[in-house]
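*Asks:* My questions all concern the structure below.
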Amino acid sequence: MSPKTETKASVGFKAGVKDYRLTYYTPEYQTKDTDILAAFRVTPQPGVPAEEAGAAVAAESSTGTWTTVWTDGLTSLDRYKGRCYDIEPVPGEENQFIAYVAYPLDLFEEGSVTNLFTSIVGNVFGFKALRALRLEDLRIPPAYSKTFQGPPHGIQVERDKLNKYGRPLLGCTIKPKLGLSAKNYGRAVYECLRGGLDFTKDDENVNSQPFMRWRDRFVFCAEAINKAQAETGEIKGHYLNATAGTCEEMIKRAVFARELGVPIVMHDYLTGGFTANTSLAHYCRDNGLLLHIHRAMHAVIDRQRNHGMHFRVLAKALRMSGGDHIHAGTVVGKLEGERDVTLGFVDLLRDDFIEKDRSRGIYFTQDWVSMPGVMPVASGGIHVWHMPALTEIFGDDSVLQFGGGTLGHPWGNAPGAVANRVALEACVQARNEGRDLAREGNEVIREASKWSPELAAACEIWKEIKFEFDVIDRL
């Protein structure tokens with residue numbers, strides 16, 4: 001950029017354009033405990049130096065603009081500006097690097113993911129000096145995270161509400177996702193819950209369409225839950241999708257769900273938006289509802305390796321905005337997810353304190369202090385043969401969700417649920433006895449299928465089903 005000019009109060013205002021690195025590249029800066037830290041993967045245009053590109057990211061996501069303005073003299077840029085404090089090359093990439101940026105806490109509204117993202121991943125992603133830009137990770141300091149309510153209830157409170165301990169929870173998305181009448185939909189919910197599942201689920205795009213209005217679906221699903229609970233003696237639930245075109249309509253649906261006495265509602269947090277999601281999370285805590293979160297649209301944001309935002313950032317944002325469950329990939333199913341990377345953001349969802357670990361894509365140590373954890377949901381192209389791997393990978397504090405892997409059972413919905421419950425109980429028992437599920441998992445399933453005809457039928461129909469594609473998002 002040229003020409004270069006500097007604005008100094010002692011000599012008055014000088015108009016013009018200056019290099020961002022003169023103000024926003026500060027390698028000597030020592031980060032503060034209260035700073036929000038960001039790691040950006042930067043691919044600059046040819047000829048743009050790394051220091052200038054990193055400084056441009058810091059400037060355009062905080063106080064900077066393209067030219068010197070006289071109102072700079074009315075405030076303290078040193079207090080409010082973002083700072084690119086470190087740059088490191090990306091191994092194996094010729095013109096790409098990680099730029100570390102520190103933001104002072106005063107730049108952000110308390111308790112607002114919306115404001116946080118508007119600044120950090122706003123206009124800067126369209127900046128012409130950059131060919132591509134990806135936000136890899138954020139460090140949220142306790143001074144900021146404590147301004148958020150976080151999940152409505154969290155993992156331990158959910159287990160206490162359900163009275164279910166020592167194993168993953170089992171779920172199922174009702175299929176076909178669109179086209180069923182409310183009564184037939186409720187029938188499928190009942191059959192799956194009666195067969196042994198803990199939860200059933202609205203698919204993400206089930207809202208209130210002409211073939212099934214939301215109120216009818218809520219009523220028939222509540223009836224199915226009550227009937228299944230009475231027959232099994234277990235607490236059951238169905239994720240009633242409250243996502244709507246307006247926040248007011250969304251809250252109206254959540255209120256009706258509470259009046260029906262169901263334990264959980266659902267929200268599509270990316271398509272619905274963070275403001276709506278935080279509002280719903282507050283309502284759920286105040287009214288005793290669990291909140292299941294679907295991440296529909298995430299791959300538009302996080303799938304490309306060089307541009308967008310990694311899902312670990314969206315996961316952290318969800319923990320602050322509020323949700324008791326969130327879909328997190330499967331590692332073994334039909335949806336994207338490398339094992340180490342997936343387990344990295346699963347820990348960021350569940351644990352209180354997570355150490356920096358670049359081998360898992362965790363760029364910063366994260367301390368959530370007392371914020372409740374979020375239960376990861378494994379869903380998408382999974383079936384009974386995946387149960388040992390899922391149990392071993394995700395552990396007890398997770399939801400394993402089989403849609404087609406339940407309703408695709410050759411004998412019907414209830415036998416499909418039975419097959420999954422038997423497979424899960426067998427895997428948990430084998431693990432508790434000290435068996436290695438990673439090595440002996442298939443044998444555990446075969447042994448269990450000898451005394452469960454439902455599981456045997458499921459094993460037979462899905463024995464050849466695999467989703468073997470290369471993972472796009474690698475470290």
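Quick reminder: no glycine exception, Cβ is built from N, Cα and C everywhere.
Per Swiss-Prot, the features are:
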- Lys175: active site, proton acceptor (ACT_SITE)
- His294: active site, proton acceptor (ACT_SITE)
- Asn123, Thr173, Lys177, Arg295, His327, Ser379: substrate binding site (BINDING)
- Lys201, Asp203, Glu204: Mg(2+) binding site (BINDING)
- Pro3: N-acetylproline (MOD_RES)
- Lys14: N6,N6,N6-trimethyllysine (MOD_RES)
- Lys201: N6-carboxylysine (MOD_RES)
- Lys334: site 'Transition state stabilizer' (SITE)
*Asks:* Using C-alpha atoms only, work out the spacing between His294 (active site, proton acceptor) and Glu204 (Mg(2+) binding site) and round it to an integer in Å.
*Replies:* 7
*Asks:* Sort the binding-site residues Asn123, Thr173, Lys177, Arg295, Ser379 by C-alpha distance from Lys201 (Mg(2+) binding site) and give me just the closest.
*Replies:* Thr173
*Asks:* Checking the binding-site residues Asn123, His327, Ser379, which are within 10 Å of Asp203 (Mg(2+) binding site) at the Cα level?
*Replies:* none
*Asks:* Using other CB atoms within 10 angstroms as the count, which residue among the binding-site residues Asn123, Thr173, Ser379 scores least?
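*Replies:* Counting other Cβ atoms within 10 Å of each of the binding-site residues Asn123, Thr173, Ser379, the minimum falls on Asn123.
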*Asks:* To test your reading of the Mg(2+) site: which residues beyond Lys201, Asp203, Glu204, same chain only, put their Cβ within 8 Å of the Cβ centroid of those residues?
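*Replies:* Neighbours within 8 Å of the Cβ centroid, excluding Lys201, Asp203, Glu204: Thr173, Ile174, Lys177, Asp202, Asn205, Val206, Tyr239, Asn241, Met266, His294.
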*Asks:* How many other Cβ atoms sit within 10 Å of the Cβ of Glu204 (Mg(2+) binding site)?
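*Replies:* So the number of other Cβ atoms within 10 Å of Glu204 (Mg(2+) binding site) is 20.
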*Asks:* Round to the nearest Å and give the CA-to-CA distance linking Lys177 (substrate binding site) with Glu204 (Mg(2+) binding site).
*Replies:* 8
*Asks:* Rounded to a whole number, how many Å is the Cα of His327 (substrate binding site) away from the Cα of Glu204 (Mg(2+) binding site)?
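*Replies:* Their Cα atoms are separated by 11 Å.
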*Asks:* Since the record lists Lys175, Lys201, His294, Arg295, His327 as recorded positions, which of them has the fewest other Cβ atoms within 10 Å of its Cβ?
*Replies:* Lys175
*Asks:* Let me check the 10 A CB neighbour count of Asp203 (Mg(2+) binding site). How many other CB atoms are there?
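*Replies:* I count 18 other Cβ atoms within 10 Å of it.
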*Asks:* Look up Asn123 (substrate binding site) in the DSSP assignment and reduce it to helix, strand or coil.
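*Replies:* For Asn123 (substrate binding site) - judged by DSSP and reduced to three states - the answer is helix.
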